[in-house]
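What follows is a single structure, written as structure tokens, with notes after it.
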Amino acid sequence: MNNIINDIRDKARQLLAEGKVDVVIGYEKGSLPLKATPFFAHSPAEVDSLIWDETCENNLATYVAKTPGKKAIVAKGCDSRALAVLLQENQLVRDDLYIIGVSCTGVIDQRKIVAEVGEILEAGINDGKISVKGMAGDKEYLFAELKDATCQTCRYPNPVLEDVHLGETIAVSQEAPAFADVIALEEQSAGERQDYFKEQMSKCIRCYACRNACPLCYCQECFVDCNSPRWLTGGVNRAENLFFQAGRVLHLAGRCVDCGACTRACPQGVDIRALNRKMTKDVYTMYNHEAGISEDGKPALNEYTTNDPEQFLVKE
Amino acid sequence: MQQNPYLPITMKLVKNLVETEDRLINTFTLEFMNKQDEENFKYMPGQFAELSAYGHGEAPFGIATSPTEPGILKFSVAKVGCVSNALHLMEEGTMVGVRGPMGNYYPIEQFKGKNVVIIGGGFAFTTLRSLAKYMLDDKHRGDYGDITVIYGARNPGLLLYKEELAEWENNPNINLVTTIDRPAEGWTKHVGFIPSITEQIAPSSVDTYAVVCGPPAMIKFTLPVLEKLNFPPERIYTSLEMRMKCGLGICGRCNIGTEYVCKDGPVFSMAQLKELPNEY
Amino acid sequence: MGEIQVEAENKKYEPKIAAFLCNWCSYAGADLAGVGRVQYPATIRTIRVPCSGRINPLYVLKAMANGADGVLVSGCHPGDCHYISGNYVARRKFALIKSLLNHVGLEEDRISFSWVSAAEGIRFAEVVKGVTERVSALGPNNGIFKVVDDGGAAADE
Amino acid sequence: MKISKEKFGQAFDALVADYKVIAPVSDGSGIAFTEVKSFSDVKQDYLNSKLPPKAFFFPQHEKLMSYKKEGKDVTVKSELKVENTILFGIRPCDAKGMLLLDKVFKNDQYTDPYYYERREKAVIIGLGCTKIAPTCFCSSFEISPAGSEGSDLFLIDLGDSYEVEVVTEKGKALADRLALAELTADEQALVDKIKSAETPSKIDVSNTTSKLDKMFNSPYWDTLQEKCLGCNVCSFSCPTCHCFDISEEVRKNEGTRVRTWDACMAPLFTLHGSGHNPRDNKKTRWRQRLMHKFNYFVHNNGSMSCVGCGRCIKSCPVNMDIRQVVDGANKAELVVE
């Protein structure tokens, strides 16, 4: 890991010193244990703050289009997939972008720790083991136990698009995605699913952290802010919240790269990903499409074939 | 407990008049439904009110009438958003909601015994009309020295209150200067932008207050002219626009530094504005 | 007494169905049904759209939120689109809308999609009949999106 | 004075008959202030709630009024509803937060009846903190983790009993319903110890306001906010944030006017009808956020509008830490203008 960090810093230093980019977007150590925070290095002097480890959970592709000038970005698999979709949708200029690719073994889901040992006072990562001192006790975890749900099903830990690759690459299984999580929900009755999503949606406070953390939610004016027509009332209740989440998820259908940034950003622990994953599964099974796995190609809903399935039609 | 400041009173739209040639500005005349409402609605020139178009929402507009005109309120409103569009389409006789009066007003007490120059551009003339009308009133005219009004618009069709302007032309109590940006057929008065016309007219700054309202570009170029004419910033007043919701200094969106435009403004002197951050 | 009973009989539940019909085919199909005096239930509120490709998923959601008991979206048959490919693109969108809404627990039959051509007046009536029957069987909008009746406050609290 | 938890619980259950009682409850993913019917539902051992209790006076979504149109006529009705409420288990930071909100909702000209009438009918039972989270920094603002400021009645958990401090007349009325006993010397010592605690994390705000006076045009704002996503988590989870929006919810000829929480971080918050937006980028919005809390509010109301509860730090998806932000402002070089 240390070698990667040094490599990232060297690369960032070189890019900034040579004037190839104006800013390097990466991570630095956050203010809380086991937290990394996005970091914008504007000069070679700042690059020594850059880090890379299992706490680098944000999807940095979110910042790329909003950051002026030429920029380099430290990209893990999901970040690069988001960049690929943004490029497909002409949101980025490839020449203004330098992608520092790193392979990712997954990020830590802090909620699992907090649920067991309370607020984290201190923590250290060593050799795939995470030792935590919490307010309600101490515990040592294996990284595998803490891996974020998104990362457990990740099929693209290696960047799909990069200008340089730092560190090793990760061997990936060639099997088709299983979508066990989606199937588990699908196997429930409609009533059970309705109850599940009612409960999830009643937690939402409409802070829009999910939307803003999402690298592919880049609309100038989001439909929730739109005044005429006014899609949503000011109400914050499970029906309105489901309208918001369903509207957003449908807008991301065929584009979502399943990075999990929305779910990790949610301060209320809403299972937003359950909606996105359903769309991802449908798009994969019906159209054999995965979003953002290469720079060319189009999002699934921008294309069609003449024999797309249409079992959804009325019987008449 | 004071009255609930979020509850509008109901007023009747008695006239919905297309004010300008481009049909983008209408003047609404609202009538008080009872004496009590009118007595509670004591206002001064420069204040504003929140108008409710029920079913569409609420938005703040400057009051164009003067307190010397009893029984009614007038608002001249440009068609820009949801509420103003609804108001434009409203049939006469419809009930609208009114909350106010809100904000501060032009310092008419300070103006007493002094000359006043009113400079207005485009449809920002609404509260300036209120001010002029107030000072011209028989009861008040004696309190003020010379009253000069410099008012301009892009073309003659875009001037507000044309009948009133015609009346002021012949009124010895007021010196009215109207101008348009470019020559137009049938227009015999001044042609040119407000800053240069102001420079031409060159009102004396001795014992004089200036009140300037208009689009940002007009204000930007008029201020140096006033400075050249030796108006000190303490004697130049303007009225600011801001996005507002509550109008009560609570909802948090209309502040410029420590000042809430809805409750501490909208009228500020240039001297006050110089102390505030440039964020408006 | 008598009056009240009559009223109760007349008050048989009639669903309200928002029908988004493409201008070139399904709307013309509905028109043909009308001209041909083909009977079908007066349950639909027609909204004409230029093409089924114009359907924004938010239309469907908003109709449900505003209290529609069902939504019907209908366009030209694949291959017959006035704009060549509008309904092909729409088809993918529709499949996903339907799938997602069912996933969050909306009943299968609340949202219906069909292709009806300008010549299929009788079929249009059949579609409306079928949709009406199925929505009637479900009863009123179950409120997972519906918010307006209580001014936006939570529907189940 | 003190009362055993058992006796307090009985008195609490009796209060439910006369008051709407709000208390911390574990909702699976954290602590929420919720209406309870029995003391046994109350979570007694907790750090603090996910969202601040301000919502009981200033709900996220509330009806201000309703109207009905008939032809050209309209009838308008206030929707203000007030209940006698007890808020139990309010932490000192949040109790202080309510004192700050009081200043907002009653300014030099107006009183907000929706907030104030609820506030006046509410009794705050504060509960001192015996455990301090790493994100807590209330001591920076002269708030003590076991301080009674802002509470009407204030409790400190002594294990089997509560130490009880009567702070206001409202608190006294409640205390009269409690069978209070004297503290033992040992218990008094424990109370003193708890009361003397400070949060380990503290920021120096002694010169922040005067520093910010000179920082409106500082380059500090340029880079400070780069990583901010511009969401509303920090505002919604803040016990002192009070910005709101007013909108209308319409159904045919009836409607309600509602107010909902809004936030200065939202891009459209200050957008004029004309299209002009005085705070049209994250930089100006962050400047507003920090200035409002640490400068404008001080000038207008005499104290900072932050109570160090740490919720914004804990909830921020990108770990923007307000402590670092203030610290950065303290240290920022001033540009000569």
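Using N, Cα and C of the backbone, Cβ positions are placed for all residues, glycine too.
TrEMBL labels come from automatic prediction, so no person has curated them.
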Record-annotated [2Fe-2S] cluster site (TrEMBL): member among B:Cys213, B:Cys262 besides B:Cys246, B:Cys251, B:Cys254: B:Cys262
DSSP helix/strand/coil residue counts for the domain 'FAD-binding FR-type' (B:6-108): 14 helix, 45 strand, 44 coil
CB contacts for B:Cys246 ([2Fe-2S] cluster binding site) [other CB atoms within 10 A, all chains]: 28
Neighbours of B:Cys246, B:Cys251, B:Cys254, B:Cys262 excl. site residues, C-beta within 8 Å of centre, [2Fe-2S] cluster: B:Met244, B:Lys245, B:Gly247, B:Leu248, B:Gly249, B:Ile250, B:Gly252, B:Arg253, B:Tyr260, B:Val261, B:Lys263
Fewest other C-beta atoms within 10 angstroms, as judged across B:Cys251, B:Cys254, B:Cys262, which are the binding-site residues: B:Cys251
Integer average pLDDT (0 to 100) for the domain 'FAD-binding FR-type' (B:6-108): 94
